[in-house]
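A.B. asks: Below is one structure. I have some questions about it.
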Amino acid sequence: MDYFPIFCQLQNKACLLVGGGEVAERKARLLLDAGAAVTVNACEFTEQFHDWAEQGLLSLVSGEFAPELLAEKWLVIAATDQVAVNALVYQSANQQRVFCNVVDDPKRTSFIMPSIIDRSPIMIAISSGGKAPVLARLLREKLEAMLPQHLGQLAQLAGNLRQRVKQHFAAMTDRRRFWEKLLTHDRLAQSLANEDQVQVEQHVEQLFNAPLSDRGEVVLVGAGPGDAGLLTLKGLQQIQQADVVVYDRLVSDEVMNLVRRDAERIFVGKESGRHTVPQDQINQILLQQAQQGKRVVRLKGGDPFIFGRGGEELETLADYNIPFSVVPGITAASGCSAYSGIPLTHRDHAQSVRLITGHAKKDSQLDWANLAAEKQTLVFYMGLSQAGEIQQQLIRHGMPAATPVALVENGTSRHQRVVSGELSQLALLSQQVSSPSLIIVGSVVSLREKLNWFSSAEHGKTGMKEQVERVG
């Protein structure tokens, strides 16, 4: 370990910054954020430094650096573009035993400034020891994306509750279970993010008053259409906190690989027209797992509220007062069309888009005359087995037989395949693809040849490319 990681309390501590340019500005912001009493020494200063000085946030000392400026200082940062000045600052600081950082000069540095993730009071520092600062920055960006913005508020809430928790729970195991429930409570987290103090207090009281074993919850998460990169950040956070993940066939292996390793996985195998596990039984699985005090993620392909029967599952939970929340996902229509180079709307082609299920209840009747209207795009989910009926009804109700159509198989994945042609060929085209597939009908499909980007790019280590076929 080349450097000992340490967090310094600089509130009202005297610190010196040598340099008055843009680099020094960035360092000054960090010192000011930490509450330090900052003195800045330089021959010239940027406008920002003058503004800070006028506001009384720091002091300016104009002129050449002199060792006397280090008197009674806790630390110094040298951020000039003059090597000799920076060397003098470092030498003087060493002689007076003052911690010194020389920007971009690891050999003349007694402390380094890491990349920082600030979720005060939670602070995360990342350093490469000056070896690879760009790598440290990239790591910080990845962690920034993973950590929710309300994390600091959650930590502050936990701090406020510590004494009460000690008094309320005598056993350490009960305290630990309480903290785990509180710190992973999705609805509480959302209330903190919304700054809804009333809801926050209600959730906290519910956690204190309900038996620990009864404090399960269900989070309905949309996994997106296939590409794991399309899973939302919040969705990723949820599947990595889950005790149990209930998932179906439309969730890709790549997404499942992101699930918390020790989480229980329950496969319910849903697909169009055939359910390995009936919907009523899925509802009961969610209910029973939550009643055991577990954090349950119901992971569904696409978006759970678009032909995903997510609403039906939540109704059951609501009937039994099980806490639940929803994390939307990118629906198949959006993902598959984008990865196929087919804009769902376009001023010259379509002013609206219709999302239609090809697997509705038996007594449901579609308004085919309305669907056959011009200037719109139709997207049929789970419509492969009904392709012949869709073709026949749309043509019968006035849609031109030459209307462009596309079928997208395994959309957004490395196995994506697109078959395109005309409406009059839809039944034939459907025989060339397998489920899961999406049917897109409308003149926007004609833009695919010009706008398709996915087929020309290699994906992953396999270098596989989208397969494209056209009939006609």
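Placement of Cβ uses the backbone N, Cα and C atoms for every residue, glycine included.
Just so it is clear, the model here is predicted, and its values are computed rather than measured.
Checked Swiss-Prot, it gives:
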type	residues	note
ACT_SITE	Asp248	active site, proton acceptor
ACT_SITE	Lys270	active site, proton donor
BINDING	Glu22, Val23, Cys43, Glu44	NAD(+) binding site
BINDING	Pro225, Gly301, Gly302, Asp303, Ile306, Thr331, Ala332, Met382, Gly411	S-adenosyl-L-methionine binding site
MOD_RES	Ser128	phosphoserine
REGION	1-204	region 'Precorrin-2 dehydrogenase /sirohydrochlorin ferrochelatase'
REGION	216-472	region 'Uroporphyrinogen-III C-methyltransferase'
A.B. asks: May I ask for the distance between Ile306 (S-adenosyl-L-methionine binding site) and Glu44 (NAD(+) binding site), taken between their Cα atoms and rounded to an integer number of Å?
C.D. replies: 60
A.B. asks: I need the CA-to-CA distance for Gly411 (S-adenosyl-L-methionine binding site) versus Glu22 (NAD(+) binding site), whole Å please.
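C.D. replies: Pair distance, Cα basis, whole Å: 47 Å.
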A.B. asks: Using all protein chains in view, find how many other C-beta atoms are within 10 Å of the C-beta of Pro225 (S-adenosyl-L-methionine binding site).
C.D. replies: 30
A.B. asks: May I ask which of the binding-site residues Val23, Glu44, Pro225 is closest to Ser128 (phosphoserine) if we compare their C-alpha atoms?
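C.D. replies: Smallest Cα separation from Ser128 (phosphoserine) among Val23, Glu44, Pro225: Val23.
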A.B. asks: Does Val23 (NAD(+) binding site) have same-chain partners at least 6 apart in sequence with Cβ under 8 Å from its own Cβ, and which are they?
C.D. replies: Ala79, Val103
A.B. asks: State the count of C-beta atoms found within 10 angstroms of the C-beta of Ala332 (S-adenosyl-L-methionine binding site), not counting that atom itself.
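C.D. replies: I count 28 other Cβ atoms within 10 Å of it.
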A.B. asks: Can you figure out which of Glu22, Cys43, Glu44, Asp248 (the recorded positions) comes closest in space to Ala332 (S-adenosyl-L-methionine binding site), comparing Cα atoms?
C.D. replies: Asp248
A.B. asks: I'm trying to understand the geometry here, so how far is the Cα atom of Cys43 (NAD(+) binding site) from the Cα atom of Pro225 (S-adenosyl-L-methionine binding site), in Å to the nearest whole number?
C.D. replies: 58
A.B. asks: Do you know offhand how many angstrom separate Pro225 (S-adenosyl-L-methionine binding site) and Glu44 (NAD(+) binding site) by C-alpha?
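C.D. replies: Counting only the Cα atoms, the answer is 56 Å.
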A.B. asks: Need one number for the NAD(+)-binding residues Glu22, Val23, Cys43, Glu44: the maximum pairwise CA distance in Å, whole number please.
C.D. replies: 15
A.B. asks: Checking the binding-site residues Glu22, Glu44, Gly302, which are within 10 Å of the residue listed as 'active site, proton acceptor' at the Cα level?
C.D. replies: none
A.B. asks: Three states by DSSP: which one describes Val23 (NAD(+) binding site)?
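C.D. replies: The three-state answer is helix.
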A.B. asks: Please identify which of Glu22, Glu44, Asp248 has the densest Cβ environment, defined as other Cβ atoms within 10 Å, among these recorded positions.
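C.D. replies: By the 10 Å Cβ neighbour count, Asp248 comes out on top.
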